[in-house]
Amino acid sequence: MRREGVALVVSAPSGAGKTTLIRRLLGEFSTFSYSVSCTTRRPRAGEIDGKDYSFLSREEFEHRKAEGFFAEWAEVYGNLYGTPLEPVWGMLRQGSDMLFDIDVQGAAQIKLSLDGAAVFVFVLPPSMEELERRLRGRGQDDETVIQRRLESARREMTEAGWYDALIVNDTLERAYDALRSVYLSATLAPARNPGLRACLSA
Ligand code: ADP
Ligand code: 5GP
């Protein structure tokens with residue numbers, strides 16, 4: 001029986017392990033489409049335009065923003081990021097699950113615009129020391145950027161109390177099990193299973 005799509009929004013302070021967890025979920029469940037965001041930041045080595053992000057100039061981003069192209073947008077670490085509105089509604093209407101990797105400010109906007117249709121997960125590092133270790137271990141950022149990310153992490157974690165699920169990424173196995181459980185439970189909600197709901201009153 002056909003069900004409606006789950007919009008799963010995942011946020012985390014940079015370095016907590018969100019990308020690792022999301023890639024695994026996308027690898028296990030082919031039901032998911034990934035919401036490709038637009039950004040003004042430069043591509044990192046290995047990132048593909050149109051797959052990881054749509055990379056835009058600031059001018060183009062501002063133009064699309066003014067046209068109402070984005071479901072939400074935010075400035076994160078000095079760059080603009082936004083979720084295109086149209087593909088989101090289209091995919092959910094078709095019954096596809098959608099995965100969003102967005103920061104706390106953007107997640108709060110999605111909460112308002114999707115009006116209860118989305119499930120929100122916040123991934124926490126086991127400690128600030130471990131977060132710092134992971135940021136350094138990833139070898140992507142210089143010292144100034146690491147310090148800025150740690151400062152933002154503290155702020156983001158104080159803003160995350162409204163999420164539906166908080167997952168501590170201590171061991172990857174445990175954190176991944178928790179994430180897939182949140183997703184699988186969401187697929188069972190009566191609101192996403194109109195066919196089964198009809199059986200209840202039959
Ligand atoms: P984010 O997307 O949240 O910035 P990443 O997924 O890039 O984080 O992970 C940051 C670093 O931490 C990567 O080097 C990744 O391999 C490592 N990592 C992720 N999860 C764990 C874990 N549970 N234990 C140890 N290292 C981890
Ligand atoms: P990165 O540049 O490391 O890929 O991402 C930096 C931050 O921007 C992450 O916290 C990520 O979740 C967030 N982000 C990525 N895409 C979007 C988006 O479309 N909207 C918002 N609000 N945040 C995003």
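Cβ atoms here come from the backbone N, Cα and C positions, even for glycine.
The domain 'Guanylate kinase-like' annotation in TrEMBL covers 5-184.
Counted within 10 Å of its Cβ, the other Cβ atoms near Ser14 (ATP binding site) come to 23, all protein chains included. If you look up TrEMBL, you'll see Ala12, Pro13, Ser14, Gly15, Ala16, Gly17, Lys18, Thr19 marked as ATP binding site.
Taking the domain 'Guanylate kinase-like' (5-184) as a whole, pLDDT averages 93 in the prediction. Among the binding-site residues listed (Ala12, Pro13, Lys18), Ala12, Lys18 have a CB atom closer than 6 Å to some atom of ligand 1, in sequence order. The C-beta environment of Gly17 (ATP binding site), restricted to residues of the same chain at least 6 apart in sequence and closer than 8 Å, consists of Val123, Pro125, Arg134, Asn169, Leu172, Ala175. What surrounds the ATP site, by Cβ distance within 8 Å of the Cβ centroid and not counting Ala12, Pro13, Ser14, Gly15, Ala16, Gly17, Lys18, Thr19, is the set Val123, Pro125, Leu131, Arg134, Asn169 from the same chain.
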